[in-house]
Amino acid sequence: MTEDFISSVKRSNEELKERKSNFGFVEYKSKQLTSSSSHNSNSSHHDDDNQHGKRNIFQRCVDSFKSPLDGSFDTSNLKRTLKPRHLIMIAIGGSIGTGLFVGSGKAIAEGGPLGVVIGWAIAGSQIIGTIHGLGEITVRFPVVGAFANYGTRFLDPSISFVVSTIYVLQWFFVLPLEIIAAAMTVQYWNSSIDPVIWVAIFYAVIVSINLFGVRGFGEAEFAFSTIKAITVCGFIILCVVLICGGGPDHEFIGAKYWHDPGCLANGFPGVLSVLVVASYSLGGIEMTCLASGETDPKGLPSAIKQVFWRILFFFLISLTLVGFLVPYTNQNLLGGSSVDNSPFVIAIKLHHIKALPSIVNAVILISVLSVGNSCIFASSRTLCSMAHQGLIPWWFGYIDRAGRPLVGIMANSLFGLLAFLVKSGSMSEVFNWLMAIAGLATCIVWLSINLSHIRFRLAMKAQGKSLDELEFVSAVGIWGSAYSALINCLILIAQFYCSLWPIGGWTSGKERAKIFFQNYLCALIMLFIFIVHKIYYKCQTGKWWGVKALKDIDLETDRKDIDIEIVKQEIAEKKMYLDSRPWYVRQFHFWC
């Protein structure tokens, strides 16, 4: 065993030298863990565990930041400690945040209650196709980074590099914004305390959670999502009571505001504006599959199916009911992104319920912290995936003994320090332009997922593989991904339209140019990154394009090791069972 361990270390050192000699970049090589290497790794960890009794807590903490004992930099060093309950709650409450609680105010003002229903229904329908397509691939290939890895495999390395880079930049810039938003939210109760103090506290909390590893992230998100879900459920019940006249004023509201001032504001342009807001409120939906390298893939299908109910219940129903309680002409819906602009808070205040605004404000604070927590998780895992594909320097993929992608966490944490500009007079303008760099990231990522799933299905067909080989099959299939791709293109066009002809008009040509570039600067940045990476790729490989023919796409590397015959038998048995059940039971299993 000692000789095997020494030879394993030598191989790892040779691999490390090879990486360093290539200017920090590595060629993408999928790594298969052999039984012998797994045995050596397990033996090393066993020896390490035996030493724990001889070390104090401080020593163990310091050692956890060191590189793995076998010297490898493989993504297999990530810990699969996320449990199904974590995934399900991340799926249910993961994207319930400021987009729903605050951003929806602008949507109601510009589109009216009916425009909100139409916009969120369209955006939500494409999410179902996107997440089911991503889930199908992820269960088949449960690797860290999910779509960041699949873009290289099914599309083109340059496309994957652009999409992953923009996605990472988005989370880099969102983190300081969310920390500032959390500090400003506290001002609702006490404005006498310097916001810099709150920035420091929230920054420390978010970074500390992620330093506890994926288990810390999972437990925090489980708690955050549970609170958010309970709050939305309670608010839905409250809305029904108020609409029916059960409030303090005992006034029956019904569809009063749908008639006066009306159900649709600004016509078709208003619906387009709502569509853009809705798409960003649903951002982060892909987080469920992003954690596939750190959880048991068996829990993914159930978590993926929860997305349908989340969109229906937490977004469509809650926003429809808010539209019955708040007229779109309410001035508090416009002119800001603070708690006072939340349609949920406005609805409660309009009907004179005194204690609840503070409760909703507390939930908004939790939502902001949840998004900040997700920022570091998403960016660090994507950077780790990019590093192991050879798209960026290998040291971005460093994973310590505790299974943390440490360099990725540190990189986003450094950007988080920008939150201390909270008292700067030009802070708002600076962050508006920083966010413009990654402004289209959400839709671009979803579009790449749709195209990856379409190429995956076509590759399976070209290579003579059956869908019976898949443990999880998208409920909407390849046509669902095609529909989602079409809707994502429509959202990008809608944002282009709203950038050129914003609702309310503009005062000057300078303002028009500013609005356009803040909305579409991302497209120019992406084009520049794509061209630069294409030149680099050409120099490295001698080819301009890395798109593979369908028959040449690798459908085996990183594939989950399963017995296809057993999978087919399990699917057949489940089908026989469901065929004997009533239609509503079949529908429940289909969507849940």
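Placement of Cβ uses the backbone N, Cα and C atoms for every residue, glycine included.
Note that the structure is a prediction, hence the values are computed from the model and not measured.
Over in Swiss-Prot, the protein carries these features:
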REGION    31-53  region 'Disordered'
TOPO_DOM  1-87  topological domain 'Cytoplasmic'
TOPO_DOM  109-113  topological domain 'Extracellular'
TOPO_DOM  135-160  topological domain 'Cytoplasmic'
TOPO_DOM  182-192  topological domain 'Extracellular'
TOPO_DOM  214-226  topological domain 'Cytoplasmic'
TOPO_DOM  248-266  topological domain 'Extracellular'
TOPO_DOM  288-306  topological domain 'Cytoplasmic'
TOPO_DOM  328-358  topological domain 'Extracellular'
TOPO_DOM  380-404  topological domain 'Cytoplasmic'
TOPO_DOM  450-472  topological domain 'Cytoplasmic'
TOPO_DOM  494-514  topological domain 'Extracellular'
TOPO_DOM  536-592  topological domain 'Cytoplasmic'
TRANSMEM  88-108  transmembrane segment
TRANSMEM  114-134  transmembrane segment
TRANSMEM  161-181  transmembrane segment
TRANSMEM  193-213  transmembrane segment
TRANSMEM  227-247  transmembrane segment
TRANSMEM  267-287  transmembrane segment
TRANSMEM  307-327  transmembrane segment
TRANSMEM  359-379  transmembrane segment
TRANSMEM  405-425  transmembrane segment
TRANSMEM  429-449  transmembrane segment
TRANSMEM  473-493  transmembrane segment
TRANSMEM  515-535  transmembrane segment
Contact between the transmembrane segment (359-379) and the transmembrane segment (515-535) (at least 3 Cβ pairs under 8 Å, separation 6+): no
Chain residues outside the transmembrane segment (193-213) and at least six past its termini with a C-beta under 8 angstroms from it: 79, 81, 175, 179-180, 182-184, 186-187, 220, 369, 372-373, 375-377, 380, 402-404, 409, 413, 416-417, 419-420, 422-423
For the topological domain 'Cytoplasmic' (536-592), residues assigned helix / strand / coil by DSSP: 34 helix, 0 strand, 23 coil
Candidates 267-287, 405-425, 473-493; stretch with most C-beta pairs under 8 Å toward the transmembrane segment (161-181): 405-425
Contact between the transmembrane segment (473-493) and the transmembrane segment (307-327) (3 or more Cβ pairs under 8 Å, separation 6+): no
Interface check, the transmembrane segment (227-247) with the transmembrane segment (88-108), three or more C-beta pairs under 8 A: yes
Beyond the flanks of the topological domain 'Extracellular' (109-113) by 6 or more, those residues with Cβ under 8 Å of it: 119, 257-258, 262-266, 270-271, 273-274, 277, 320, 322-324, 328, 330, 333-334, 503
Tertiary contacts of the topological domain 'Extracellular' (248-266) (same chain, 6+ residues out, Cβ under 8 Å): 109-115, 242, 273, 323-329, 351-353, 503
